[in-house]
Amino acid sequence: MRWCTQRRTRAVCVLLACVSVVLHFFLAALTLSIYQTPCDLHTNNIRPPAGTNLTAKGGNNAMRQMGLSQKLQRTKPFPLSPAAKPNPTKLEDLFRHPLYNQQSLPFYEDDRLLQVKPKVKDDLESSQQWMSDSEEGYDAAHWNSSSQSHPPWLRFHLGISRWQLYDHKDPNLRQLEEQLAFSRIVSAVQKTGGTQLKLLMSFPNYGQALFKPMKQERNEETNHNLYYFSDFERHNAEIAAYHLDRILGFRRIPPVVGRLIDMVKEIKDITTDRKLARTFFTSPVGNTCFYGQCSYYCSTEHAVCGRPHVLEASLAVMLPDLSLAPRRSWRSPWRRSYSRSKLAQWENNAKYCESVKKSPPYSQGTRLVDLIDMAILDFLMSNMDRHHYETFEKFGNNTFLLHLDNGRAFGRHSKDEPSILAPLVQCCRIRRSTLLKLQLLALPQYRLSDVMRASLSRDPLTSIAPLLSEQHLTALDRRLVTVLKKLRRCQEQYNDSVIYNDIPVIYPCTL
């Protein structure tokens, strides 16, 4: 009896040992298969410009960008759920809608910001063509009156008009975005002014861009205990603001593109700004950091650090130099007090708009409805930091407003700030074209969050992670409903006087 029991025990032990060996082999095979599975990277819609010589000196910058993107992808996975994947046709369908293809206003020579000077003497080639010797790092320039000879940034400058920064059908827009995303950086110096770190980047074709670094994770909300004037500027907010402005049909924000920057090769090693260079250091974990010089957030406590030397940033194309196209800065009537204890005048007076409407330049023209357009844009992206706005001096008061400095937008998705809509609520006035586009973006087939997701998917940084979290995209839809509700109340109170007819009345407005 004892012999039979021992035999059974030995058989059970042998069986368990065999099962254990099989399980170990199975786990080893599974682990190897996982490590050998290639990463499924999101495809960038912005590609290196056609004809780029990837073997020339500096010409491999586009390939370097892709390599940096893959490195960060492995360190920061941010998967998209199937329901949240962008549908590019949404954006294409929107821009094919008749509202985005209206006949433009009559265009005269004075409506163009800059013009190419005509040649003075036919027999002098120098009057036809501008040439420069190639400086260190820069390309030799041979530009003439033909737009084909101009780099993308110059075509953008020459395309600015009285009514908008660019036409949404302009093929040069894509080339300009490619330049910002892939062109080699030959110079990086600090831009003076402002409360936070900004750099001025230069490209071989003499184009320039404003650099703003990543300071906050994309899925991170602004601290609720911070005042609006204490918030950080976000690189992805600058990018998203450009896309939202374009979707709304305003086209008043200069093109902005996300990019991965090698902090050593593309800033530290090439900068001629000694003050900037002195602020570089290596963090305790080996990351390259710098902090520059500015009013508030430039210190070792607020340093910008790479991973270990790669940094996400936004690059916005620079507007024409002030010596060529002076701009005027206007204090917003609905400017906040920027105080922890005081309220602005408009916050205590519900009829504040009555006095605004009687004072120039809001007493005539489109300035008031332009300001309300800007308030709607700011409310949708939760930007409370709009104290001033700018216009081009050449066009006087009869022109659009520039929507610059949007880095403090998209800070909170869980809270809406109704006070941003004060100009709309107190004045009850809106362009017909703006209202119709807002109504269009509230329809299921043109839902604002879907179109925004599709537009943002074109940016190179989307290969690492979505530029806006799903919570921020959902907040856009929620805030759009709020804007339409406010307009419905205005129309119930003031009827058709709410609408400023900037397009034919063949498009009815019903709220």
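FYI, residue positions are counted from 1 along the chain as it appears here.
Including glycine, each Cβ sits where the backbone N, Cα and C put it.
TrEMBL labels come from automatic prediction, so no person has curated them.
If you check TrEMBL, you get these features:
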- 12-35: transmembrane segment (TRANSMEM)
- Gln196, Lys212, Glu233, Ala316, Val317, Met318, Leu319, Glu390, Asp405: ATP binding site (BINDING)
- Glu233, Asp405: Mn(2+) binding site (BINDING)
- 280-497: domain 'FAM20 C-terminal' (DOMAIN)
- Asp385: active site (ACT_SITE)
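Cα spacing between the residue listed as 'active site' and Gln196 (ATP binding site): 14 Å, rounded to the nearest whole number. Burial estimate for the recorded positions (Glu233, Asp385): highest at Glu233, by number of other CB atoms within 10 Å. Comment: ATP site residues Gln196, Lys212, Glu233, Ala316, Val317, Met318, Leu319, Glu390, Asp405; largest CA to CA distance 20 Å, whole number. Listed in sequence order, His157, Ile160, Pro254, Ala325, Arg327, Leu402 are the same-chain residues at least 6 apart in sequence whose CB falls under 8 Å from the CB of Leu319 (ATP binding site).
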